[in-house]
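Peer 1: Let me give you the structure first, and then I'll get to my questions.
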């Protein structure tokens, strides 16, 4: 790919391109993988942000078109929820992690600071990188090939979209569930460990005074969301509303 990520030679791009099912000019692929931190540290190279902007629009269009066509009876608000369950940072990062050996992160060009702070597995960087790659495919081949790529990467998530509604915001979903059951507002208690640049957060959520779920993450928000998910599933099972609540939230 004509460059070396910090800490070693650039990996062979062939497995990534095979996972994408696309052909890209080496320079365009390199641009799509160039994070702004690497661009800044290497004399102001162009970063992938313009391609990310383009890919975000392409992804949104293809997903929206699919949902509009597949669910002709759903109102705008429900369609928006379905789209948000597919087009969000964590969903995109999950797709990126599954691309080829080592995922998309293994191919990113990062600056030293991002490299040292785990940038290759940061959800925001992975999501942005995936959008940039989609933008590059659109730029090289047009909307129909880009559409095929989006479906290749996202059809699994699109099929699950009607079941993912509660997962858009587990804290909100849990609060709605506890309110409907007359259990009051959930209480979150969070502890953190580790140095400032690599903290780990552990959250426990209490409902009606009892601990109902726990979760951990690299941010307070992530830990609370995971705790809320655990509690939502446990409480839904207790109340016998799990399947119904998930589908209505979507």
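One-based numbering along the chain as shown.
Note that Cβ sites are derived from N, Cα and C of the backbone, with glycine treated the same way.
Look at TrEMBL and you will find 25-142 tagged as domain 'RNase III'. Residues or ranges marked as Mg(2+) binding site in TrEMBL: 52, 128, 131. Per TrEMBL, active site is recorded for 56, 131. Taken from TrEMBL, the feature domain 'DRBM' applies to 169-237. Annotation source TrEMBL lists region 'Disordered' at 209-250. If you look up TrEMBL, you'll see 240-250 marked as compositional bias 'Acidic residues'.
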Peer 1: Sort the residues of the domain 'RNase III' (25-142) into helix, strand and coil with DSSP and give the three counts.
Peer 2: 86 helix, 2 strand, 30 coil
Peer 1: Drop a 10 Å sphere on every Cβ of the binding-site residues 52, 128, 131 and tell me which sphere holds the fewest other Cβ atoms.
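Peer 2: Fewest other Cβ atoms within 10 Å, among the binding-site residues 52, 128, 131, is found for 52.
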Peer 1: Given the model, what does the mean pLDDT over the domain 'DRBM' (169-237) come out as?
Peer 2: 91
Peer 1: Do you know the DSSP helix, strand and coil residue counts for the domain 'DRBM' (169-237)?
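Peer 2: Residue counts in helix, strand and coil order: 32 helix, 23 strand, 14 coil.
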Peer 1: With the Mg(2+) site defined by 52, 128, 131, which remaining residues of that chain have Cβ atoms positioned within 8 Å of the Cβ centroid?
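Peer 2: So the additional residues around the site are 48, 49, 51, 53, 55, 56, 127, 129, 130, 132, 135.
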Peer 1: Measure the Cβ-based neighbour count of residue 56 (active site), defined as the other Cβ atoms within 10 Å of its Cβ.
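Peer 2: Result for residue 56 (active site): 19 other Cβ atoms within 10 Å.
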Peer 1: I need the CA-to-CA distance for residue 128 (Mg(2+) binding site) versus residue 56 (active site), whole Å please.
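Peer 2: So the Cα of residue 56 (active site) lies 8 Å away from that of residue 128 (Mg(2+) binding site).
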Peer 1: If I take the alpha carbons of residue 56 (active site) and residue 131 (Mg(2+) binding site), what is the distance between them in whole Å?
Peer 2: 5
